[in-house]
Amino acid sequence: MTMYGGHIHLIIGPMFAGKSTELIRLVRRYQIAKHKCLVVKYEKDIRYGNGVCTHDNMSITAVCTPSLDKIDSVAENAEVIGIDEGQFFPNIATFCERMANAGKVLIVAALDGTFQRKPFSNISELIPLAENVTKLNAVCMYCYKNGSFSKRLGDKMEIEVIGGSDKYKSVCRKCYFF
């Protein structure tokens, strides 16, 4: 691939919106088309073992890393790079831009905001670099309308708390404040 063949597809939304499911679906299409694919996940996310796994147990093999800088040599051999939980990689924008300019297809799944509805600055930096941005919604777990936000259960205030339905609920605007 040349630098003109590379592009970035960013999939954003709250918890339980299907971001990882969409990432897996898109990567599998490239695998069927015989492209060399690499899937990357954040090392501290140990909820489902070494692969990227959805909340309904769909999975795909992945390389675990604490930093995208550590996978450069592996990424060089891939044509398509899928990155799950992109919000946890501080340098995701520079990594994706560099790889896309080298002709690679990047598919990134990430939260668009924290449980406090504040943006992840690294994802905000990636948006203007992406050719395609897909914003997914979940279902509000209280009123069953569209859920656009992630609400944390409990009183932990740090930003990086990895968990599933035991720690977070997807909520609509109204239910966010309950």
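Note: Cβ is positioned from N, Cα and C throughout, glycine not excepted.
Listed in Swiss-Prot for this protein:
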type     : residues                                               : note
BINDING  : Gly13, Pro14, Met15, Phe16, Ala17, Gly18, Lys19, Ser20 : ATP binding site
ACT_SITE : Glu85                                                  : active site, proton acceptor
BINDING  : Phe115, Ile159, Glu160, Val161, Ile162, Gly163         : substrate binding site
BINDING  : Cys140, Cys143, Cys172, Cys175                         : Zn(2+) binding site
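Compute the center of the Cβ atoms of Cys140, Cys143, Cys172, Cys175, which mark the site for Zn(2+); besides them, the chain residues with Cβ within 8 Å of that center are Met141, Tyr142, Tyr144, Lys145, Gly147, Val171, Arg173, Lys174, Tyr176. Other residues of the chain with a Cβ within 8 Å of the Cβ centroid of Gly13, Pro14, Met15, Phe16, Ala17, Gly18, Lys19, Ser20, the ATP site, are Leu111, Leu136, Ala138, Ser170. Cα proximity to Phe115 (substrate binding site) (within 10 Å) is found for none of the recorded positions Gly13, Gly18, Lys19, Glu85, Cys143, Cys172. The binding-site residues under consideration are Phe16, Cys175. Their Cβ neighbour counts within 10 Å are lowest for Cys175.
If you draw a 10 Å sphere around the CB of Lys19 (ATP binding site), it holds 27 other CB atoms from the protein chains shown. Counting in whole angstrom, Cys175 (Zn(2+) binding site) lies 24 from Ser20 (ATP binding site) by their C-alpha atoms.
The Cβ of Gly18 (ATP binding site) has Thr54, Leu136, Ala138 as same-chain neighbours under 8 Å, each 6 or more residues away in sequence.
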